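Features as listed in Swiss-Prot:
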- 13, 14, 15, 16, 56, 60, 163, 164, 169, 172: ATP binding site (BINDING)
- 55, 75, 136, 137, 138, 139, 140, 141, 142, 143: UMP binding site (BINDING)
């Protein structure tokens, strides 16, 4: 029996840290295999998937800027870290027989295509996974903002923000055991309650473009598929 798909085209935001697993930094082999396996499952269901990946497992521009490094330089280094993660994801997809393409917002023609919206949309329509690397290509913008931007440009049905927590809570569940998860919440409610769904620029862009967000825990087996089929998984932030 074919399962009903709630979202046909999605933009998945993966943090670099989500690829570390239990390691202190870098890419954990078992973790990336599990993550890519979860994504491959929805690709085989016919879902078109674009991915924006962070680079915090390799280099965090904001942290470096707290020292003596110039912020723009640190951000460019962070962008290059996202390219490394994107290439690792592409390789993992192709190992599973899933066609994937890396498009970089910075020109790196020897290792990745330069971002081009029409080509990216074509790839999605062909069933290929498109991995968007190097953020927006500009310093001072987070990969959350890059995800919101690419999600809007690709005309995605939803933005899926994969985190280490299985949704948006009334308080930090690690600090407050009485915290409860929101099943759904509006953009305005999230703002009024000062819930940190993502950075303000990304949140504002999603709200303006009416691009709903689902926050969910990627490490929870089957969670991505449950989001796609409309089950109670994570938190839906909507207009």
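Every residue gets a Cβ built from N, Cα and C, even glycine.
Of all the binding-site residues listed here (55, 56), the one with the fewest other CB atoms within 10 A of its own CB is 56. According to its DSSP assignment, residue 140 (UMP binding site) is coil.
Its Cβ taken as reference, residue 169 (ATP binding site) is surrounded by 17 other Cβ atoms within 10 Å in the chains shown. If you take the Cα of residue 56 (ATP binding site) and the Cα of residue 140 (UMP binding site), they are about 15 angstrom apart, rounded to a whole number. Note: the CA-CA distance between residue 13 (ATP binding site) and residue 136 (UMP binding site) rounds to 13 Å.
Here the candidates are the binding-site residues 15, 163, 169. The one whose C-alpha lies nearest to that of residue 142 (UMP binding site) is 15. Closest by Cα distance to residue 136 (UMP binding site), from the binding-site residues 15, 163, 169, is 15. A separation of roughly 24 Å, to the nearest angstrom, links the Cα atoms of residue 138 (UMP binding site) and residue 163 (ATP binding site). Ranking the binding-site residues 136, 163 by how many other Cβ atoms lie within 10 angstroms of each Cβ puts 163 at the bottom.
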